[in-house]
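J.: Below is the structure I would like to discuss, written out as structure tokens.
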Amino acid sequence: MQKLIMGNWKMNGSSASIKELCKGISEVNYNSEKVAVAVFPSSVYVKEVLAQLPKEIGVGLQNITFYDNGAYTGELSAEMLHDVGCNYLLIGHSERRSLFGETDQDVFKKLNKIIDTSVVPVVCIGESLEDRQGGRLEKVLTTQLSLILENLSIEQLARVIIAYEPVWAIGTGVVASLEQVQETHQFIRSLVAKVDENLAKNMKIVYGGSLKAENAKDILSLPDVDGGLIGGASLKASEFNEIINQANKICTE
């Protein structure tokens, strides 16, 4: 299966630094049939990034609202996402959930806004350290995915990418063990298999949580890991490019 390497730039960057970052990422060599690459800049820089990156690198928004338009100051709509030329969308990132109170219902409503379009939805799920230590991992992930798996058709679900990000490993430098990553990805795939086994086999499930160049090979080589959602390491072209290179090697060996 093609690996998917994505960079979530979060609320970082300036026109100058993003120009330098795009220049660096543009220099990476990889087989685009084996590896897909996408980045999620801050929305104010999307047009700049689209203009500066090669066309084969996807560009997405980090969030949208589920409202169509109107008096919702500060929000971005699905129509705006299309209008600026984005082809990816992050939905339900743990920071959206924890800092802004985003719920599973909100995630589902946002997904519904773009599920029948050409935009690739990346739905983020993950547990807190308390949930994992309390033995609630499977319950939490099942709940986070239930609305999506129960209400979308197989054809719609086939467009969805799931990003597993243990909340306790995001931006902390703490990385889940290889066993934890594989077991959790395998569990997520088993949830999808209850809907359709072929869907589960082909659905991309990527890992996010302090993924960096030094651990990329081991994590991306796991049988149920189809790529990565990279945070801090994606802000350095050399490191992000090395992760892309590692994915490319895995897919071509």
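Placement of Cβ uses the backbone N, Cα and C atoms for every residue, glycine included.
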J.: The substrate site in Swiss-Prot lists ASN8, TRP9, LYS10, GLY171, GLY231, GLY232. Which one of SER32, SER146, SER210 belongs there according to the record?
T.: SER210
J.: Excluding ASN8, TRP9, LYS10, GLY171, SER210, GLY231, GLY232, please set out which residues of the same chain place their CB within 8 Å of the center of the CB atoms of the substrate site, keeping sequence order.
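T.: Residues close to the substrate site, other than ASN8, TRP9, LYS10, GLY171, SER210, GLY231, GLY232: ILE170, ILE230, ALA233, SER234, LEU235.
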J.: Given the binding-site residues GLY171, GLY231, GLY232, which one's Cβ is surrounded by the fewest other Cβ atoms within 10 Å?
T.: GLY171
J.: Test of understanding: give the count of other CB atoms lying within 10 angstroms of the CB of TRP9 (substrate binding site).
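T.: By my count, 21.
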J.: Let me check the 10 A CB neighbour count of SER210 (substrate binding site). How many other CB atoms are there?
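T.: Step by step: centre on the Cβ of SER210 (substrate binding site), count other Cβ atoms within 10 Å, giving 22.
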J.: State which of the following recorded positions has the fewest other Cβ atoms within 10 Å around its Cβ: ASN8, LYS10, HIS93, GLU165.
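T.: Relative to the other recorded positions in ASN8, LYS10, HIS93, GLU165, LYS10 has the fewest Cβ atoms within 10 Å.
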